[in-house]
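S.K.: Feature annotation from Swiss-Prot assigns signal peptide to 1-30; the stated evidence is sequence analysis. If you look up Swiss-Prot, you'll see 38-76 marked as domain 'EGF-like'. Look at Swiss-Prot and you will find Cys42-Cys53, Cys43-Cys165, Cys47-Cys63, Cys65-Cys75, Cys575-Cys581 tagged as disulfide bond. If you look up Swiss-Prot, you'll see His213 marked as active site, proton acceptor, on the strength of sequence analysis. Annotation comment: Swiss-Prot describes Tyr391 as active site, for cyclooxygenase activity, evidence class similarity to another entry. Per Swiss-Prot, the feature heme b binding site maps to His394.
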Amino acid sequence: MSRSSPSLRLPVLLLLLLLLLLPPPPPVLPADPGAPAPVNPCCYFPCQHQGVCVRVALDRYQCDCTRTGYSGPNCTVPDLWTWLRSSLRPSPTFVHYLLTHVRWFWEFVNATFIRDTLMRLVLTVRSNLIPSPPTYNLDYDYISWEAFSNVSYYTRVLPSVPKDCPTPMGTKGKKQLPDAQVLAHRFLLRRTFIPDPQGTNLMFAFFAQHFTHQFFKTSGKMGPGFTKALGHGVDLGHIYGDSLERQYHLRLFKDGKLKYQVLDGEVYPPSVEEAPVLMHYPRGVPPRSQMAVGQEVFGLLPGLMLYATLWLREHNRVCDLLKAEHPTWDDEQLFQTTRLILIGETIKIVIEEYVQQLSGYFLQLKFDPEMLFSVQFQYRNRIAMEFNHLYHWHPLMPDSFQVGSQEYSYEQFLFNTSMLVDYGVEALVDAFSRQSAGRIGGGRNIDHHVLHVAVEVIKESREMRLQPFNEYRKRFGLKPYASFQELTGETEMAAELEELYGDIDALEFYPGLLLEKCQPNSIFGESMIEIGAPFSLKGLLGNPICSPEYWKPSTFGGEVGSNLIKTATLKKLVCLNTKTCPYVSFRVPRSSGDDGPAAERRSTEL
């Protein structure tokens, strides 16, 4: 190999000499302890329109605007199609007004094919607001396999407020949030009972509690971010239990039926002596007086055990119908098919009567899974912690409970183990259907006996660092409120909230939902509808029985089972499982003459 020539060596030597003559670089010193640490830029929630904030280095960020329809540093520049769609989209306030007025127009729509078209639009637009597959949870504020696969977690729609933010709500508001007890007593505690202007009753209130406790089962051992309801939807775990062991204790293992006991000639859930499952009753209540059902807390309220009794009777009634239709089926097939039928009946009642009552719409809602078969839809659901918090509707509860001529206080009503049997199903259904429930929104309408529940919800939301109320409004396509006065629609409460929070952008999620001014003649405000409806509809229509693979007569034992679902109503649930047919509805009677004495009407195939 030839040596390098002297002419090439000279420039290298000169370069080394110059480097030696350069002054040394300044030493790397630790940061000044007195200098303020850089604020996590994601604490400002800079990314709009569902853009994802990614922190870069210490004080920089990037917004991932992929498939949002927007671009720019903060996902604020719409593309042409997004701009056009946003410009033409009517406001939620206008849509709500349209759906709750001009009755003659909606009577025409309900009688035509337009109804199905509108229902399909409502279902797809609402459901598309819920991320599927699920994204975040209590421990993962970024996309991860654990957040997707671990069903022990509640999912969450928005990631938590970063831990290193200047204030609990990001950068807005005060360094310390107001005391939860003070907040509840000043803004949520009832002064005078405010009835729901839509006429919602206690039959509705107890249905809401009974229905939602199948998928809202926060784990006391693991913490508020975890659930014991691993089905994450309408699986009727509150009827059959949330584990195979509990289910087996409740089953008769004959003709597909559930265990039961007969008291005064009527069928009720079995006692804990007959079905040894854990039920939460006060100490001193003997096992023979404890009724055993799928949800361990249903002994708390006679209204919950009332629905547990109705669904037990319905299960065993459907088993008899299937047994007559399929005499060769064994116990397991009868049980499993009946469970699917009851899931379908539940969803039908929820959409066409329960949600219908909540909405106040003149558009007649319809449960027909086939409406979605022509569009892209994911038949899977994960319950979100925001949905769990949103659904704490304790303002529904009255000051006392009226059954016949007797008025019961909370102390007399809670854990009353004899009321259901003493009065019977018909009398309680009639009483609960006639008593008004409270208005949910607008604030100051939670009875003091249940106010502690709202306090715990606020504390849990802080533990899980839920983003501010306005961030959730933006996430669900709503305009953020500019002031507390705009939120509440009045000045006194707005001034008090301003004093406690300091900034409307620091208002917490749950207080915002309950303190928002109600829509005209409505049970709650705009946000409860626009945020709650997507969770609800995605959970209902995302059920496997609504999929093309499941939604066929053979799944439900033929036309007999399929027709049970398609014709299910709240009235049928009650009147086909009682000796007489009481007044039953999700709203109080409109007039004294629209129903008659319960004992005069016998149950028939309605």
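Yeah, the Cβs are placed from backbone N, Cα and C, and that goes for glycine too.
So that I understand the layout, could you describe where these features sit and how close they are to other parts?
M.R.: Counting same-chain residues at least six beyond the ends of the domain 'EGF-like' (38-76), those with a Cβ under 8 angstroms from any Cβ of the stretch are 82, 85, 161-162, 164-166, 170-171, 467, 471, 474-475.
Its own atom aside, the Cβ of Cys53 (disulfide bond) has 21 Cβ atoms within 10 angstroms in the protein chains shown.
According to DSSP, Cys165 (disulfide bond) sits in a coil region rather than a helix or strand. Summarising the environment of Cys165 (disulfide bond), the number of other Cβ atoms within 10 Å of its Cβ, over all protein chains shown, is 18.
For Cys47 (disulfide bond), the same-chain residues that are 6 or more apart in sequence and have a Cβ closer than 8 Å to its Cβ are Cys53, Tyr61, Cys63, Asp64, Cys65, Asn74, Cys75.
Of all Cβ atoms in the protein chains displayed, 21 besides its own lie within 10 Å of the Cβ of Cys65 (disulfide bond). A coil conformation is recorded for Cys65 (disulfide bond) in the three-state DSSP classification, outside any helix or strand.
For His213 (active site, proton acceptor), the count of additional Cβ atoms within 10 Å of its Cβ stands at 18 [all protein chains shown].
Within 10 Å of the C-beta atom of Tyr391 (active site, for cyclooxygenase activity) sit 19 other C-beta atoms, taking all shown protein chains into account. Classification of Tyr391 (active site, for cyclooxygenase activity) by DSSP places it in coil, neither helical nor stranded.
Close to His394 (heme b binding site) in the fold, though at least 6 residues off in sequence, lie Ile446, Asp447, Val450, Leu451, Val453, Ala454, each with a CB less than 8 Å from its CB.
Cβ neighbour count for Cys575 (disulfide bond): 22 (other Cβ atoms within 10 Å of its Cβ, all protein chains included).
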S.K.: For Cys42 (disulfide bond), what residues in its own chain, 6 or more apart in sequence, show a Cβ-Cβ distance under 8 Å?
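M.R.: For Cys42 (disulfide bond), the qualifying residues are Cys53, Val54, Arg55, Tyr61, Pro162.
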S.K.: Using C-alpha atoms, which one of the recorded positions His213, Tyr391, Cys575, Cys581 comes nearest to Cys43 (disulfide bond)?
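M.R.: Checking each of His213, Tyr391, Cys575, Cys581 against Cys43 (disulfide bond), the shortest Cα distance is to Tyr391.
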S.K.: What three-state class does DSSP give His213 (active site, proton acceptor)?
M.R.: coil
S.K.: Within 10 Å of the Cβ of Cys43 (disulfide bond), how many other Cβ atoms can be counted across all chains shown?
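M.R.: Excluding its own Cβ, Cys43 (disulfide bond) sees 21 Cβ atoms within 10 Å.
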S.K.: As a quick check of your reading of DSSP, tell me how many residues in the domain 'EGF-like' (38-76) are helical, how many are strand and how many are coil.
M.R.: 4 helix, 12 strand, 23 coil
S.K.: Nearest by CA distance to Tyr391 (active site, for cyclooxygenase activity): which of the recorded positions is it, out of Cys165, His213, Cys575, Cys581?
M.R.: His213
S.K.: Secondary structure at Cys581 (disulfide bond) (DSSP, helix/strand/coil)?
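M.R.: SS state of Cys581 (disulfide bond) = coil.
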S.K.: Find the one among the recorded positions His213, Cys575, Cys581 whose C-alpha lies closest to that of Cys165 (disulfide bond).
M.R.: His213
